[in-house]
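Peer 1: Per TrEMBL, [4Fe-4S] cluster 1 binding site is recorded for Cys48, Cys51, Cys56, Cys73. Under the heading [4Fe-4S] cluster 2 binding site, TrEMBL lists Cys136, Cys140, Cys146, Cys179. The [4Fe-4S] cluster 3 binding site feature in TrEMBL is assigned to Cys150, Cys169, Cys172, Cys175. What TrEMBL records for 31-90 is domain '4Fe-4S'. Annotation source TrEMBL lists domain '4Fe-4S ferredoxin-type' at 160-189. As annotated by TrEMBL, region 'Hydrophobic' applies to 1-25.
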Amino acid sequence: MLIILATLILGILGFVFAALLGLAAQKFHVDEDSKVGTIMAILPGANCGACGSAGCHDFAEKLIKGEVAVSGCTVGGHEVAQKIAHIMGVEGEDIHKKLATVHCGAKDSQRKKKAEYFGVKTCAASNIVDGGGLSCRYGCLGYGDCFCSCPFDAITMKDGLPVVDPEKCTACGKCVSACPRSIIFLRPYAAKVYIACSSHDKGADVRKICPVGCIACKICEKQVPEVFKVEDNLAMMDYSKLDISCDIAIEKCPTKCIMKN
């Protein structure tokens, strides 16, 4: 008898609570703007967070509220931005595709060590412990934190150096944030040339620890002054001059740190 009574009471309580929840859901229900669903249908759905939002749905809601730009989805790129602009009834923004670029060209076998590192095998951890024992304080640590962070499998590790697949990279920026040495940048996709070095050490010091680092010789600057400029012992490029050939600079670079892909 007690078991039947207890079951009956629980059943009644369950019914009452369910009814209360149903009434609360009706009272506090907020109609979602139909545009949210329309925008969600054209977003990539990666939920990568590259736009700064919690996910694609959160990004769509912020779009409706005018809190983010129509070009906020870097993964979707120009095509998605134009579609969103059409839905929102605003003028589309011109978006230029970008590509993650690792500004270091030293393979694992080329990195000179001052000590052996036996700690946790991540870039973040080794960077804290005297740079993982590497002599270069600017170069790639080689443990692949960027590789692990990429949600699109656009990065592979070869000889301890991350290699970015231009066809898979969406320029979401996850690898940029993951690199503790800040040597990964997003360059214009149309720019096929980049500097595979981040060292600001003097040329003589670079030669002692890396065979492929920039030695600030300024040969590139002399060959193509419109594009190259050496600042703080490191060659820099002006990516707004994409129409100018850099082949002569690539050919003349003594350490071959000017790369083309």
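For all residues, glycine too, the Cβ spot is worked out from N, Cα and C.
Since the structure is predicted, the reported quantities are computational estimates derived from the model, not experimental observations.
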Peer 1: Cα-Cα separation of Cys169 ([4Fe-4S] cluster 3 binding site) and Cys56 ([4Fe-4S] cluster 1 binding site), in Å?
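Peer 2: Distance between the two Cα atoms comes out at 18 Å.
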Peer 1: Compile a sequence-ordered list of residues in the same chain as Cys51 ([4Fe-4S] cluster 1 binding site), six or more apart from it, whose Cβ lies below 8 A from its Cβ; state 'none' when nothing qualifies.
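Peer 2: Same-chain residues close to Cys51 ([4Fe-4S] cluster 1 binding site) (Cβ under 8 Å, separated by 6 or more) are Phe59, Val68, Gly72, Cys73, Thr74.
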Peer 1: So how many other Cβ atoms are close to Cys56 ([4Fe-4S] cluster 1 binding site), meaning within 10 Å of its Cβ?
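Peer 2: Total other Cβ atoms inside 10 Å, all chains included: 21.
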Peer 1: Looking only at the region 'Hydrophobic' (1-25), how are its residues distributed among DSSP helix, strand and coil?
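Peer 2: Output for the region 'Hydrophobic' (1-25) reads 24 helix, 0 strand, 1 coil.
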Peer 1: Given the binding-site residues Cys140, Cys146, Cys172, Cys175, Cys179, find the one whose Cα is closest in space to the Cα of Cys48 ([4Fe-4S] cluster 1 binding site).
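Peer 2: Minimum Cα distance from Cys48 ([4Fe-4S] cluster 1 binding site) across Cys140, Cys146, Cys172, Cys175, Cys179 lands on Cys172.
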Peer 1: For the binding-site residues Cys48, Cys73, Cys136, Cys172, which one has the sparsest Cβ surroundings, going by other Cβ atoms within 10 Å?
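Peer 2: Looking at the binding-site residues Cys48, Cys73, Cys136, Cys172, the Cβ with the fewest others within 10 Å is that of Cys48.
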Peer 1: Would you count the other C-beta atoms found within 10 angstroms of the C-beta of Cys175 ([4Fe-4S] cluster 3 binding site) for me?
Peer 2: 26
Peer 1: What counts of helix, strand and coil residues does DSSP assign across the domain '4Fe-4S ferredoxin-type' (160-189)?
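Peer 2: Final tally across the stretch: 5 helix, 9 strand, 16 coil.
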Peer 1: Can you grab the distance from Cys56 ([4Fe-4S] cluster 1 binding site) over to Cys140 ([4Fe-4S] cluster 2 binding site)? Cα atoms, rounded to a whole Å.
Peer 2: 32
Peer 1: Looking at Cβ-Cβ distances, which residues of the chain lie under 8 angstroms from Cys146 ([4Fe-4S] cluster 2 binding site) while being 6 or more apart from it?
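Peer 2: Spatial neighbours, sequence-distant, of Cys146 ([4Fe-4S] cluster 2 binding site): Ala100, Val102, Cys123, Ile155, Pro162, Lys174, Cys175, Ala178, Cys179, Ile184.
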Peer 1: For each of Cys169, Cys179, count the other CB atoms within 10 A of its CB; which of these binding-site residues has the top count?
Peer 2: Cys179
